[in-house]
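S.K.: Next up is a structure, given as structure tokens.
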Amino acid sequence: MQKKINRVLFWFILIQPFLELDWFYKGRLSTILPFTIPTIIRIVGVFVVFLMFFSQKNNWQRLRKQWWVITYIILLIIYIFLHLYHVRPANFHAVDPSGYGYSTFGEIFYLLRMILPIIILYITRYTHFSEKQFEHLIQTLSGLFSLTIILTNLFVHSLTAYGSYGVRWIHANIFAWFTSNNYAYFELASKGFFYLANTISAILFFLMPLMLYFLYKDFKALNIILVVAQSLAMLMLGTKVGAYGLFIDFIVFFIFYLVHLFILKNIKVNKKFLLTLVLVILGSSLIVPHSPMFRRNTYDIGVADNRGKKANIKKSDDILKKDLKKYSGAKREKVLKRFIKKHYYAYSLKKGFVLKGYSYKYDPDFWLEIMKSPVDERLNYRHLEIKMLNKVVANNHNKYDKFLGISYIRENNIFPLERDFLAQYYSTGIIGVLLFLGIYIYELFYLIYSWFKSKANRQFINTIILIALGFILTAAFYSGNVMDYLTATLIMAFVYGYALQLVDKSKAKKLNNSDK
């Protein structure tokens, strides 16, 4: 049975890239069932693994002895009931009569999604994977993500990484980076056929240290190809996490390579690996100035300036001020709404924010204040997302929002905040963040503690896994779209489980040696 669990879990993690395809989340496939097909597959998959794992008597016996796990489960159940009671429509006050589309069933489904990776983390910890199996899994994941992005880019049949400009597909491939300045960054940034570029960027940022480790440990053509392909894919994505993350991966990996080589002295020099690493870094350094991410740096401000000139913002401001002084009450509100609807684009405001997320129809004065703010603030979408959510919380006037949240459904319908941990603070409150996300922080610190405590846990693989886990959590906070997305969290949870498995093995080995 142990081998069957191992095999099923291996393949379950391996299919995650296929469940991240864009068509599952947009268009017909996204509306066939009440919830997306990938989420249903994942729930069924985790349920199957769960049943297989706990069909073994020793796993139940272990769980009964783990009082901290049982306590956590009890706290989780209590929280779920309190959260659902707190966010119910009768207890929520909003300027938007729709209540931001809250659904109790949808909220329960979200909470279930947040639990799935935690289950995978626990099961993986006690499912024995060899380092070779782990290597094969990471290689395959890296190849599936990277080669999909590269091949679709080369054939100019890739979805753009930035879909908010009315462009769905890229207009040119990587060769146009060097030969043409006629394309905007969103016409060149590629995400293959995947759903969210931020999620894929974070996953690749996370996988690269592991791939570099396997290139060092097992220097062969396949690993060279995969590292080169992943480097190129991270630049093709056109995101800051992808481009900057690539060089952070290289630098941090090399620093800890030197630590293990000269201080811990538990690895050997691999000249072929070092030469390959230098060549990949040099190649990436030559390409990155031409990448979509660098084109973005000057694009946004230029667009804002052009819009402002065309719309003659100053003249519009003067007319608005005059009208607002002239009218009051309902007439003033009508004039203001008409102005916002007509001119929001000229002020570089995102359509989804103004018309849908926190609609100007129900709070025009909020958007008036935003339009008065500097252009760099109006272009900072995360800043606006936080402002909208703060306003919703303020309108609700409920002190328990801080602890239990306003619900994922509302937070997501207003606009998904691209800053994980803070996004979950709004949706699930402080208690929800501690229960659903705190476990990853706790386990990371436990792994760091174990690394310092025991020499057996200071192997190069332990260090690199720690770095990778730290990177994906950092990317989650910086760019968002990670902790609520199962493709990222299930892969991350598996790696967490494998890292804990390594610590447990070293403990068991130490106990066996002491008995002798």
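Every residue, even glycine, has its Cβ placed from backbone N, Cα and C.
Look at TrEMBL and you will find 7-25, 31-55, 67-85, 105-124, 136-156, 193-214, 221-238, 244-264, 273-290, 425-448, 460-479, 485-503 tagged as transmembrane segment.
Each of these features: where is it, how hidden is it, and who are its neighbours?
M.R.: Under 8 Å from some Cβ of the transmembrane segment (7-25) lie the Cβ atoms of residues 36-38, 41-42, 45-46, 48-49, 52, 120, 123-124, 127, 129, 133, 137, 140-141, 144-145, 148, 159, 193-195, 199-200, 486-487, 490-491, 494, all in the same chain and six or more residues away from its ends.
Long-range contacts of the transmembrane segment (31-55) within its own chain (CB-CB distance under 8 A, at least 6 residues past either end) are made by residues 1, 4-5, 8-9, 12, 15, 19-20, 24-25, 63, 105, 109, 112-113, 116, 119-120, 123, 126-127, 486, 490.
Residues of the same chain lying 6 or more positions beyond the ends of the transmembrane segment (67-85) and with a Cβ under 8 Å from any Cβ of it are 91, 104, 107-108, 111, 115, 122, 404-405, 407, 428-429, 431-432, 435, 439.
Sequence-distant contacts of the transmembrane segment (136-156) (same chain, at least 6 residues past either end, Cβ-Cβ under 8 Å): 10, 13-14, 16-18, 169-174, 190-194, 200, 203-204, 207, 210-211, 214, 222-223, 226, 229-230, 232-233, 236-237, 491, 494.
Outside the transmembrane segment (244-264), and at least 6 residues removed from its termini, the chain residues within Cβ reach (under 8 Å) are 201, 204-205, 208-209, 212-213, 216, 231, 234-235, 277, 280-281, 284-285, 288, 458, 460, 463-464, 467, 471, 475.
Distant neighbours of the transmembrane segment (460-479): 131, 198, 201-203, 205-210, 212-213, 216-217, 239-241, 245, 248-249, 252-253, 256, 259-260, 266-267, 418-422, 440-441, 444, 447-448, 451, 488, 492, 495-496, 498-499, 502-503; these residues of the same chain sit at least 6 beyond its ends, with a Cβ under 8 Å from one of its Cβ atoms.
Sequence-distant contacts of the transmembrane segment (485-503) (same chain, at least 6 residues past either end, Cβ-Cβ under 8 Å): 9, 12-13, 16-17, 19-20, 38-39, 42, 113, 116-118, 120-129, 134, 137, 141, 196, 199, 202-203, 206, 210, 440, 443, 446-447, 450, 457, 459, 461-462, 465-466, 468-469, 472, 476.
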